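Visitor: Sharing the record's features from TrEMBL:
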{"type": "ACT_SITE", "residues": "Cys370", "note": "active site, phosphocysteine intermediate"}
{"type": "BINDING", "residues": "Asn309, Ile310, Cys370, Ser371, Asp372, Gly373, Trp374, Asp375, Arg376", "note": "substrate binding site"}
{"type": "COMPBIAS", "residues": "572-581", "note": "compositional bias 'Polar residues'"}
{"type": "COMPBIAS", "residues": "582-595", "note": "compositional bias 'Low complexity'"}
{"type": "COMPBIAS", "residues": "596-605", "note": "compositional bias 'Polar residues'"}
{"type": "DOMAIN", "residues": "161-533", "note": "domain 'Myotubularin phosphatase'"}
{"type": "DOMAIN", "residues": "340-386", "note": "domain 'Tyrosine specific protein phosphatases'"}
{"type": "REGION", "residues": "572-605", "note": "region 'Disordered'"}
Amino acid sequence: MASPVSVYNSNALDTHISSSSRESLKMELLADVSLLPGEERIIDKETIYICPFNGAVKGKVLITNYRLYFKSVDADVVVMLDVPLGAISRVEKMGGASSRGENSYGLDITCKDMRNLRFALKQEGHSRRDIFELLFKYAFPLSHGLPLFAYVTQEKYGENGWDIYKPIEEFRRQGLPNNKWRITFINKNYELCDTYPTVLAVPFKSKEEDLRRVAAFRSKGRIPVLSWIHRENQAVIVRCSQPLVGMSGKRNKDDERYLDVIREANDSTKLTIYDARPSVNAVANKATGGGYEGDEYQSAELVFLDIQNIHVMRESLKKLKDIVYPNVEESHWLSSLESTHWLEHVKLVLSGAIQVADKVSSGNSVLVHCSDGWDRTAQLTSLAMLMLDSHYRTLRGFQVLIEKEWISFGHKFASRIGHGDKNHADQDRSPVFVQFIDCVWQMTKQFPTAFEFNERLLLTILDHLYSCCFGTFLYNCESARDQHEVRLKTVSLWSLVNSKMEMYLNPFYTPESGRVLYPVASMRHLELWVTYYIRWNPRIRQQQQSPVEQRYKELLALRDEYLKKLEELQLSDSSPSSRLANTPNTSSSTSSTPPQQYTHLQTPL
C-alpha cells in the first residue's frame with residue numbers, strides 16, 4: 001500500500017523520530033505526503049495539536065478524502081498522525097470566538113480506536129469553520145451523500161481476496177454433503193431470510209417447505225443451519241436466532257421436529273441448546289415476541305451462558321477507554337480495570353465457546369443462538385470452531401472463518417461500527433467484533449505455537465474494521481453487499497493481507513492438525529490487550545516488544561546477512577576451492593552447508 005505509514009500502524013500514530021532526521025523533516029511539506037491511488041487532497045491548515053504526551057505541538061494538518069494527516073514543524077520531538085477518516089466517531093467544536101485561555105478554540109475529535117485528538121486554531125475570522133465542515137463531510141460520507149472511500153480507492157493487488165471464501169468448497173472441506181446433511185439454495189434470492197447467505201447446509205431429511213415453516217417461527221427468519229461438523233463423531237454446531245415464543249408461550253411443531261432431526265443426525269442423546277443470553281434477558285424478550293426453547297423441546301437441554309448484550313459491551317469499552325487514554329492511572333490500575341468489567345465479559349464469551357467446543361468434541365450436537373443470532377452467536381460459534389478445527393488457525397483459514405461466521409451470516413458491521421455515519425450516539429453501535437478479536441488474541445497468548453498468524457494480523461484487521469479502505473466489513477449482510485456491488489467495486493482486505501503474508505506469519509507456529517485447544521477462561525489467566533488498547537501511549541508501546549520474538553528476528557536477519565555474503569563470495573570466485581576458503585567462518589557448520597539448507601536452520605533462543 002502506498003502509504004507513508006506501515007499497515008501495522010495504519011490507523012494513526014504518534015511517531016517519535018530521532019534528532020538526526022528532525023531537521024530534514026522540518027523542511028518537508030505536506031505536498032510530499034504519499035497518497036493512495038484515488039486519494040485526493042481536500043484542505044490543509046496550520047494548527048496546534050494538543051498532544052497528550054508532548055503538550056501543544058505546532059504543525060500542519062492535511063485532510064484528504066481518506067485521512068487526517070498531521071506533522072509537527074518545530075517541536076523537540078517530531079510528532080506525526082495518520083488517521084483514516086473512517087476511524088473518526090465524532091467531530092465537535094471546542095470553545096468559541098470569545099473563549100479565554102491558550103489553545104481553547106479548535107476541534108475535538110473522538111476516534112473509534114480508543115483515542116481523542118484535539119487541535120487548536122486561531123480565533124480570528126472563524127478559522128475553524130472551513131476545516132470543521134470539510135472534515136465532518138468526509139469523515140461521514142454516507143451522511144452527506146458521498147461514497148465510502150472503498151469505492152474510490154484504485155489500489156491494485158496481486159490476489160483477489162474475495163476468492164478466499166467459497167461456501168461450497170468450505171462445506172466440502174468439512175465433508176459435506178453426506179447422508180445426514182445437504183446443501184440447499186432455498187435462499188438464493190434472500191427470500192427465506194434476507195440476512196443469511198445464499199448457500200446453507202441443513203439436515204438431509206428436512207424439506208424446503210419444512211424450512212419455510214421453521215423460518216416463520218424464528219426471529220428474522222434465521223433458521224437453525226449448520227456452521228461446522230466434526231469429521232469423526234459427526235456432531236455439529238448449528239446456529240440460529242431465538243424462537244418467537246412470546247408471552248403466550250406459542251409452540252411450533254415444525255420447529256420442535258426440525259431440532260429433533262438435527263439431534264438424530266449423529267444420534268446425540270440430547271441436543272444441547274446454548275442460549276448466549278442471561279436467563280432473565282431471555283425471559284424479558286418474551287415481552288417483545290421472542291423467548292427461548294421451553295420444556296416442549298423434549299429431546300433438548302437448554303443452557304444459558306450469561307453473556308451481556310451489545311449495550312453493556314459498549315458501555316464497558318467506554319469505561320476501559322477512560323482508564324487507558326490518554327493516561328494510565330497506575331496506582332489504582334487493577335481496581336480501575338476490574339470496574340470496567342471488560343475482561344469479565346471476555347471471560348464469559350471464552351467460557352461459553354469452551355462449553356460449545358467441549359460438548360461437540362465429546363460427540364454431542366449443539367445449537368447456538370442469542371436474540372437475533374448475529375452478535376453473541378457469531379462470537380461463540382467462531383471461537384468454538386477455532387478451538388476445534390486447526391484449519392481456522394492458519395492465516396487463510398482464519399480469513400475463511402471471519403468471512404463465514406461473521407460476514408456471510410450477517411453480523412451487522414454497518415450498524416455496530418457506523419461506517420461513514422455521523423450518528424455517533426446510535427444505540428446499535430457496539431464493539432462485538434473487537435471483543436471477538438480480543439478473545440482470539442487471548443488464545444494466541446495461551447497457545448503461542450498453535451496459530452500460523454501473529455498479533456499484527458489482528459491489529460490490521462481491527463484498524464481496517466474502521467478505515468473504510470476495503471469492502472470487507474461494509475454493510476450489515478450479504479444481500480446489502482450484493483445490492484451495493486461490494487465485490488465488484490471494492491477491494492477485499494484479504495487482498496492486502498495475502499499480498500504481504502510474511503508480515504502476518506507467526507515464527508513459532510507448529511501445525512497440529514488434530515489438537516483441540518481449551519484456553520483457560522479465568523480472570524487469573526486473562527490479560528488486557530495492551531498493544532491494542534494502550535498502543536497510542538509511546539511509553540507503553542516501547543515496553544511491549546517481546547524480547548524473545550525480537551531476538552528471533554535479529555537472528556533471522558543475521559542469518560540472511562550471512563547468506564547474502566556467502567552468495568556474493570560464491571559469485572565473485574568461480575573456483576570451488578577458493579570459494580570455500582573465502583567463506584566467512586561464522587560457525588563450524590557454515591562452511592560446509594549448502595546455502596539452500598540455511599532456510600531450515602534452528603536458531604537458538
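For all residues, glycine too, the Cβ spot is worked out from N, Cα and C.
The model shown is predicted, which means the values in this text are computed figures rather than measured ones.
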Visitor: To the nearest whole angstrom, what is the C-alpha distance linking Arg376 (substrate binding site) and the residue listed as 'active site, phosphocysteine intermediate'?
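Guide: Between the alpha carbons of Arg376 (substrate binding site) and the residue listed as 'active site, phosphocysteine intermediate' there are 6 Å.
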Visitor: Can you give me the Cα-Cα distance between Cys370 (active site, phosphocysteine intermediate) and Asn309 (substrate binding site) in Å, rounded to a whole number?
Guide: 9
Visitor: Mean pLDDT across the domain 'Myotubularin phosphatase' (161-533), rounded to an integer, is what?
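Guide: When the pLDDT values over the domain 'Myotubularin phosphatase' (161-533) are averaged, the result is 97.
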Visitor: Once Asn309, Ile310, Cys370, Ser371, Asp372, Gly373, Trp374, Asp375, Arg376 are set aside, which residues in the chain still have Cβ within 8 Å of the Cβ centroid of the substrate site?
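Guide: For the substrate site, the extra neighbours are Ala276, Thr377, Val432.
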Visitor: Relative to the Cβ of Asp372 (substrate binding site), which residues of the same chain, six or more apart in sequence, are found under 8 Å away?
Guide: Ser219, Lys220, Arg222, Ser241, Gln242
Visitor: Would you list the DSSP helix, strand and coil counts for the residues of the domain 'Tyrosine specific protein phosphatases' (340-386)?
Guide: 32 helix, 4 strand, 11 coil
Visitor: Return the maximum Cα to Cα distance in Å (whole number) over the record's substrate-binding residues: Asn309, Ile310, Cys370, Ser371, Asp372, Gly373, Trp374, Asp375, Arg376.
Guide: 12
Visitor: Check each residue in the chain of Trp374 (substrate binding site) that is at least six apart in sequence and keep those whose C-beta is under 8 Å from its C-beta; list them in sequence order.
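Guide: When sequence neighbours closer than 6 are ignored, Trp374 (substrate binding site) has Thr195, Arg222, Phe409, Gly410, His411, Lys412 within Cβ distance under 8 Å.
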Visitor: Taking only same-chain residues 6+ apart in sequence, whose CB is under 8 Å from that of Asn309 (substrate binding site), what do you get?
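Guide: Set apart from Asn309 (substrate binding site) by at least 6 residues yet with Cβ under 8 Å, we have Arg277, Asn281, Ser371, Asp375, Arg376.
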